[in-house]
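Q: First the structure, which I've put down as structure tokens, then a few questions once you've had a look.
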């Protein structure tokens, strides 16, 4: 798949990592950096244990905990057993602790000052480098593309594949460029810019593509701002987002713990300077936006594409002609509790969340602190939280006095973790609570059942907390105070970070009391399972192989929706498992079941709750972008558990599409008009469809051919038809992998060592964790 002539940045990085390419064009890519966390790794490590396989490159692997850990004070942290109260969360963390011990994987646990959100600690430590391939079982791995890395999220099956082979099977994506002309206006951030872009192209605008962000405004961004941009490329449907590395990149990386040094640094920079798109390279898709047009931007609905400038009003569905879009808008407004034509600045909020892998770096905290300095949160705001992205960010912020400014303003100052971004931990919203959030997704139920999330920049979220409603940051009154002066700096000097003490000056105040409703939500949002009776490492293994997919005949269920995200397919509370099975109940849980005020849960009239669709084997979806959102492989696991083995839609989220094949499911892309005219009527009538994979045809229950030829990549078809194990097939190419590694040691020696270079820190917090868990 070598590109002749002019190449894009993506072309260059992709081609530099090809280990082997088959006749169909499918490539085996070498992975330079693999980040691991507690939610998407248990089943992967169990697969290794079952097969007796080691982790091939522990030096290219770095693990941490972030998704479901509490963010309350760790001043008296002793161990995971006593600190994490929720049994299923505790089990996942303990399972990771055992796995990193068993497989000798470098690990930054809760007792380590360097622990934090996985996409913050990678760059922070210099583990992320330009021109590398970076993967993680998390969709926001695209964050690392800010360094000119090819970084993308993978599912659990691919996590296992990378652990075992240090490679991943990939097909080349299309090239997309988003060019930002001119500079951003004062007060406008990269969060405003990326929300505006997603609002323009939609959440499916980048499907099948790797986006390169270019232009003057991009070049002028700090590294932390660039990371926020690439972080949300996935919300535009892209496989990854990339920015050309430059002097800003090199300055950020130089001197970080895992970055090259000496002659290796010079060798690396010489190579990194070649990582730029050639002038005459051709992009498949190009979009241009003007930097001067960007205003402070927030979301109003239940998708990141529902983004508008702060001086706009809530849209009116009556002005939309497309019936699917109009219906989706009406549903979003009902869920969000908003009336059409309401000014965004008139919308009142209940809570504020400043954090997440999008906006929890030191630059973000400085910007928010500058806003709240000298103010107090509005009396109508129930809770305002600031959650640093890592222990080191927290240290640096405390050294600058930011924690005191936040606390004086009424904000809670928390420990590092994903926190309220996805509500897998105790930090959640109560039903119908409205939050000004710096996170990356505003899906239904993302921050708690019936939660209402509005995305925005840290400064905008902080200002909303002070005023009690959304405000235009350009009109906000900044105050001087007697608190330590906050300088909103634009550098990323790590000297303070290196010198700061980890210990707190005093015991942190307890968290604000949750309302009765929120307490109830905290308990009841997590389905009861028997996982708490298991011990770490006892997860059932993956199937030894997949059942061959030849012909599938059965009931087809209709679903007339667009942008069905993975949070809707399987809500976050069902991710707290170390198994691949038992997820049938969680499939479309919030659509299939209703929770009443008395706590009772009853079934709805959702299609899969009705006959004959309770036994559906195929799902026929009319709208595009099915499976958009997170990398959770739990989505295809839940579909498979229910009995659905084929999904037909106009388009799919890239990660979901890939995860489906890994689990023996067949996702079929067809034109929307073909689905609506030929397949949807049969599904609506409770009829059957026959999916013939060898022939690549679709027929009705009586054998009449409806689709004479659907497309499926030859390599994927071969694996499905034969029920083949990807890892076993890849290990047959050991010679090619070994040859690539020999070349890598010679030509890219600055990548060697990786996480094995991570030093132990003598002043990390004491812990009763077994020494071997941190023994690198």
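Including glycine, each Cβ sits where the backbone N, Cα and C put it.
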Q: 418, 421 bind [4Fe-4S] cluster according to Swiss-Prot; which of 357, 435 goes with them?
A: 357
Q: Pick from 445-481, 482-518, 556-592: which range has region 'Disordered' per Swiss-Prot?
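A: Checked against Swiss-Prot: region 'Disordered' maps to 482-518.
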Q: Swiss-Prot tags one of 525-544, 605-624, 625-644, 645-664 as region 'Disordered' - which one?
A: 525-544
Q: Identify all same-chain residues not among 357, 418, 421 whose C-beta atom falls within 8 angstroms of the centroid of the [4Fe-4S] cluster site's C-beta atoms; report them in sequence order.
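A: Surrounding the site, in chain order, are 66, 67, 117, 140, 355, 356, 358, 360, 417, 419, 422, 439, 440.
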Q: So for residue 357 ([4Fe-4S] cluster binding site), how many other CB atoms are inside 10 Å of its CB?
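A: The answer is 26 other Cβ atoms.
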